[in-house]
Structures are given as structure tokens and as C-alpha cells.
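Marked as disulfide bond by Swiss-Prot on the basis of similarity to another entry: Cys40-Cys84, Cys134-Cys143. Annotated pyrrolidone carboxylic acid per Swiss-Prot: Gln1, in sequence order, evidence recorded as experimental evidence.
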Amino acid sequence: QPLVDLEGNLVENGGTYYLLPHIWALGGGIEAARTGKETCPLTVVQSPFEVSNGEPIRIASQFLSTFIPDGSPYAIGFANPPSCAASPWWTVVETSEGLAVKLLEHKTPEEDDTKFKFQKVSSPNRYVYNLSYCQREDDDLKCDQYIGIRRDAKGYRRLVVTNDNPLELVLVKANSPSQ
């Protein structure tokens, strides 16, 4: 099945969406924050405020398709990234907190290869997904590690690579009646 938003519509390749927790009381949408010694917001976090949609994100598949094909990995980035970021696209980097989802201040060749994949969750709401991180191993792309939340010492809800408690998300089209 192709990727669909909360209203059951196909997710558009290159389209702009909010990523929200499927249970309203578990925080808000996804956004960038300045953490640690960062001088600008490069860390991808979940808003602590349930009423916040976060920032709109863009989902882009390498396939020339108007929608996101089933099972394909894709790039995810902010539609309006901070000006200090070298690219809008998310990447995964090693931090003191483990593997974390971030924006980079300086462009690297590896950043262009970072891919993610939504995996459908068994839920009464048919449109709930986990987000997986995809790693290249030899010629294969393995998408077997989840993206979850880890609170840091200052209370930021950072998106990290984990095998425990994956984040369960819905996609809401930016500027849709559901937002």
C-alpha cells in the first residue's frame, strides 16, 4: 500500500506534511531545536506542546512518481529549514546521546544518502506509521532500526535511532482541514 496521510489521501512525492504523534496527549509535531552547544537549531525534536503541529516537512522519493511508492526509502527534510543548515534534509549522526536525527551545518557526501521509510503500524487508525532509519550495507539498504524519542538532560525530546519504543506518527498535509 502506498503511504497515505491522516485523511486517507496518497502522500505526494515532494509534498509538505506535519508529522504528529497518533495519540494527541504525547507531545506535538516535529521541529528543529538548538540543543547542546549548537548556535542554531540543528537537532530534530518533538515539540513538548500537544497543540503544536511542529514544522512542515517534505518527503521526497528518488522515484519519478507523483506519490510515495510502497516500500521505497526516501529523504525527509524541513520545508523551511533554519538558514544555518547546509541542507533541509535530515541525517543521522553519532552524538553523546547515541545516533540522533539532525540537520548539518556543513554539507557532507554521506548526508545525501540518508534515507528513511515509514512502516505501517497495526492500529485501529489505519494511517499510523513508524519511521525507520535505513542504512546501506554493501549493496543492500536495510531499514530495520526505528526512530524514537529520547529526552536529554534539558528535557528536549530528541529523535534518535532506537530498537525500543518507536515513535508512532500520522501525516497531516500542511494547510489541510485536519491540521
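Keep in mind that glycine also has a Cβ here, set from the backbone N, Cα and C atoms.
Non-local contacts of Cys40 (disulfide bond) by the CB criterion (under 8 A, 6+ apart in sequence, same chain) comprise Arg34, Pro82, Ser83, Cys84, Ala85, Glu105. The Cβ neighbour count for Cys134 (disulfide bond), using a 10 Å radius and every protein chain shown, is 18. Rounded to a whole number, the C-alpha distance linking the residue listed as 'pyrrolidone carboxylic acid' with Cys143 (disulfide bond) is 17 angstrom. According to its DSSP assignment, Cys143 (disulfide bond) is in a strand.
In the three-state DSSP assignment, the secondary structure recorded for Cys84 (disulfide bond) is coil. The Cβ neighbour count for the residue listed as 'pyrrolidone carboxylic acid', using a 10 Å radius and every protein chain shown, is 8. Annotation note: Gln1 (pyrrolidone carboxylic acid) sits in a coil segment as assigned by DSSP.
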